[in-house]
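Student: Dropping the structure in here first, questions after.
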Amino acid sequence: MSEPLVLGIESTCDETGVGLVRGTQLLVDRTATSMDEYARYGGIIPEIASRAHLESFLPTLDAALDEAGVTLADVDAIAVAAGPGLVGSLTVGICAAKALASSLGKPLYGVNHVIGHLAVDKLADGPLPEHFIGLVVSGGHSNILEIRNIATDVVELGGTLDDAAGEAFDKVGRLLDLPYPGGPYVDRLSQQGDREAIRFPRGLAAGKDKERHKYDFSFSGLKTAVARYIEGATARGEVVSKENVCAAFSEAVNDSLTAKAVRAALDTGCDTIVVGGGFSANSRLRALLTERAETAGVQVRMPPLRFCTDNGAQIAAIGSELVAAGLPPSDWDFSPDSGLELTTTYLAPRA
Ligand code: KG4
Ligand code: ZN
């Protein structure tokens with residue numbers, strides 16, 4: 001018998017995603033986004049995002065089913081992102097998923113979309129290792145997770161104490177008058193700059209912090225150091241090389257992310273690091289992590305870029321792991337959880 005067909009629904013932020021997954025096979029991944037509407041505000045407006053989900057959901061679902069050549073009756077289970085994310089956006093996807101699941105009589109799983117950022121890698125690189133380190137890097141998260149079992153057992157080793165990596169990049173983009181979101185622009189400029197030109201601080205890398213916050217990050221001091229550098233150079237009448245600032249800043253962020261992820265793998269005896277989230281598009285992260293992991297004898301799995309930003313396939317991917325593990329569906333009355341803990345893979349039913 002073939003593996004169950006799982007429909008995944010994602011609406012945590014600005015992307016409305018619908019994906020269909022069977023085991024490690026992706027049938028379709030359709031996404032609509034309202035990101036274009038936020039450039040003039042310099043940030044996402046939750047009310048606009050929620051309305052956009054309402055408008056996009058049914059057309060995205062129809063297009064996905066058409067492309068995959070399946071009907072809703074063929075679906076064995078439905079997974080929907082229950083958090084973390086924007087509560088209004090999550091509500092739209094969850095209401096849609098509950099309506100579909102109850103009218104079709106299918107089991108419904110309210111899942112953790114951050115764990116989905118790691119689970120999606122199986123669609124590109126095959127079945128996930130049993131025990132691995134997950135490095136989740138996005139606009140909202142920078143976390144190191146020890147995945148002992150992707151369906152049932154996730155340990156949070158560390159995370160950012162302030163800004164996420166993507167958020168820090170966006171803030172530096174703003175300091176340099178780059179368009180929103182600044183991350184990809186800072187990345188592009190950094191490739192033309194000299195990483196050694198300026199030495200920016202690495203957060204939590206020295207003294208007591210180094211041991212106490214072994215797997216944690218802090219990027220807000222770094223962002224302030226960049227702001228001071230720009231102010232100082234401007235006051236002295238110097239021309240600021242945006243390329244050098246971006247290259248040195250990117251080096252500081254990625255030095256921390258990669259050193260701590262590799263250390264976590266060595267400390268826990270994991271031979272694989274899986275990277276997920278929109279920031280994994282960053283060119284220096286990819287290069288430095290590959291280099292350092294190789295030196296340490298650790299394998300790196302990075303999903304292709306189309307799987308790194310929020311999408312329905314990642315929700316279907318974690319959903320199919322839950323179904324395969326034989327776990328019971330969520331209760332019908334679950335609510336969105338904007339601050340869902342990363343150790344909660346899905347909203348399990350009350351006993
Ligand atoms: O995962 P994601 O799509 O959104 C969240 O769910 O949070 O991540 C988006 C974040 C934004 O902060 C964006 O600026 C950043 O990832 N980002 C990048 C790059 N591409 C996207 N940051 C640095 N370099 C990139 N190439
Ligand atoms: Zn995400």
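In case you wondered, yes, glycine gets a Cβ from its N, Cα and C as well.
Sequence annotations record features per position, and here TrEMBL assigns Fe cation binding site to His113, His117, Asp310. Residues or ranges marked as substrate binding site in TrEMBL: Val136, Val137, Ser138, Gly139, Gly140, Asp170, Gly183, Asp187, Asn282. Annotation comment: TrEMBL describes 27-316 as domain 'Gcp-like'.
I'm curious about the neighbourhood of these features; can you describe it?
Tutor: Sequence-distant contacts (6 or more apart, same chain, Cβ under 8 Å) of Asp310 (Fe cation binding site) comprise Glu10, Thr12, Cys13, Asp14, Glu15, Gly17, Thr31, His113, Gly278. The DSSP secondary structure for Asp310 (Fe cation binding site) is coil.
When Cβ atoms from all protein chains are considered, those within 10 Å of Val136 (substrate binding site) total 25, not counting its own.
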Student: Between the Cα atoms of Asn282 (substrate binding site) and His117 (Fe cation binding site), what distance do you get, rounded to the nearest Å?
Tutor: 15
Student: I need the CA-to-CA distance for His117 (Fe cation binding site) versus Ser138 (substrate binding site), whole Å please.
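Tutor: Cα-Cα, rounded: 9 Å.
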Student: Which binding-site residues from the list His117, Gly183, Asp310 come close to ligand 1, meaning a Cβ under 6 Å from one of its atoms?
Tutor: Gly183, Asp310
Student: I'd like the number of other C-beta atoms within 10 A of the C-beta of His117 (Fe cation binding site), please.
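Tutor: 31, counting other Cβ atoms within 10 Å of His117 (Fe cation binding site).
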